[in-house]
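Heads up, the thing below is written out as structure tokens.
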Amino acid sequence: MDIAGKLDPTQLLPVVRRSMNDFAAALPVGEGPVICTDTFCAGLASFLTLLAQTNEVMNLTSDADPGHLLATHIRDSLAPLLVGLEAPHSLLDIGTGGGFPAVPLALAWPTTTVTMSESIGKKAHFLESLVGGVPLPRARVVHGRVEDHASVLPERAFNMITARSVAHIATVLQYALPLLASNGRLVLWKGEKDLAELQDPPFVATLHRVHCTATVLDYALPGVERNSKLVILQVTPTLSGWSSRRNGS
């Protein structure tokens, strides 16, 4: 879909509804209605409009075409719903970039408090515009590297932390450990080749310091032939397991 002439959210609504109705058919029982509501679809249409408008003057993504984003990044961001994960009370997204996966998840889980962490200034500024523009009333933006924000990201405050194609599993786990609530989940979007990271010495060494279970879940997006992976790490840190890159260890 060409974005020319499509910068009005009301023009995108029919396209968003069709895409989400198709996607809802692949979701577990009870999850589909969440992403078919008027509020959810209107929020997605506003997000896509703002992303397309901003991308004309600021390079946020290589392809801001709404049809492409719906079929790929939006649906992929909603993969936690595909595998049946429940809405957390609080969520931190590391490296949100142009809004994925945090914005679609914030719309799908409207009772969840969502924190979007982004180190690149122009992207953080764009995310701040989304909070009021979409709107995302339970979301906030933290500008900077997640490991440098001890004062604004309280320890053990998040029931779920997400990271989509951000960094090595061991690195993200070290960033997440001080921030995860007891029994919290770290949810990572990974490709098949990335699973070798689960055997890397830095990751294995971290596991030796914490109680952690790792689950790899396959999921397939409607209309996409290849399977993708969610790596879910459920961590109950020990007192000796809280050291991280935050304090230089």
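For all residues, glycine too, the Cβ spot is worked out from N, Cα and C.
Copied over from TrEMBL, here are the features:
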BINDING   G95, F100, V146, E147, R164  S-adenosyl-L-methionine binding site
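Here G95 (S-adenosyl-L-methionine binding site) comes close to S117, E118, S119, V146, A163, R164, V166, A167: these same-chain residues lie at least six apart in sequence, with C-beta atoms under 8 angstroms from its C-beta. Using a 10 Å Cβ-Cβ cutoff, E147 (S-adenosyl-L-methionine binding site) registers 21 neighbours. Taken over all pairs of the listed S-adenosyl-L-methionine-binding residues (G95, F100, V146, E147, R164), the Cα spread reaches a maximum of 20 Å, rounded to the nearest whole number. F100 (S-adenosyl-L-methionine binding site) has a Cβ environment of 24 other Cβ atoms inside 10 Å. The number of other CB atoms found within 10 A of the CB of R164 (S-adenosyl-L-methionine binding site), across every protein chain shown, is 21.
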